[in-house]
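Taken from Swiss-Prot as is:
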SITE      R21  site 'Transition state stabilizer'
ACT_SITE  Y26  active site, proton acceptor
BINDING   N102, H108, D115, V129, S130, R139  substrate binding site
ACT_SITE  H128  active site, proton donor
Amino acid sequence: MASPRHILLINGPNLNLLGTREPQIYGSTTLHDIEQASQTLASSLGLRLTTFQSNHEGAIIDRIHQAAGFVPSPPSPSPSSAATTTEAGLGPGDKVSAIIINPGAYTHTSIGIRDALLGTGIPFVEVHVSNVHAREAFRHHSYLSDKAVAVICGLGPFGYSAALDFLGRHMKF
């Protein structure tokens, strides 16, 4: 029996504050709630889901590299380099089939994350909780959208479900 397709869900800076940060924009659903609902949906679709959140660009880039089987360079010691992964036992060779990424503010600034995604060749869906096009002008540009398989924004937490559903039902790996 084939192993389930493996999806990596990456959340960028400040998304750990969902549920408390600007609830008038982002709502009251926490990142933990989103991850739990995503795990349930992924399981029902026959997908394996790993979640990862970091406020640090380099950690996100390293995790994207790791998703393709590349071993990241040893991290420099830093007390602020915390990142969270909800699945134990991930190794450098634990490749994924697709990535769902909410890059947060790095959407508008990170050529490094763009290059990491392109360098691995892993298809990805870009997700945003808020409608970035209805917000400040600096949020209207994404360094990822033109290379994403799909872009979902403004659907609140449901955007993650829509991305998983698309990957599980419609994308061929």
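Yeah, the Cβs are placed from backbone N, Cα and C, and that goes for glycine too.
Counting every protein chain shown, the number of other Cβ atoms lying within 10 Å of the Cβ of V129 (substrate binding site) is 24. Of all the binding-site residues given, namely N102, D115, V129, S130, those whose Cα is no farther than the 10 Å limit from the Cα of Y26 (active site, proton acceptor) are V129, S130. D115 (substrate binding site) counts 13 other C-beta atoms within 10 Å of its own C-beta, drawing on all protein chains shown. Of all Cβ atoms in the shown protein chains, 23 besides its own fall within 10 Å of the Cβ of H128 (active site, proton donor).
N102 (substrate binding site) sits 16 Å from R21 (site 'Transition state stabilizer'), taking the Cα positions as reference.
Cβ packing within 10 Å was compared across the binding-site residues N102, S130, and the lowest neighbour count falls to S130. Of the listed recorded positions, namely R21, H108, the sparsest Cβ surroundings within 10 Å are found at R21.
Rounded to a whole number, the C-alpha distance linking S130 (substrate binding site) with R21 (site 'Transition state stabilizer') is 12 angstrom. Taken residue by residue with DSSP, N102 (substrate binding site) is part of a strand. Ranked by Cα separation from R21 (site 'Transition state stabilizer'), the recorded positions H108, D115, H128, V129 are led by V129.
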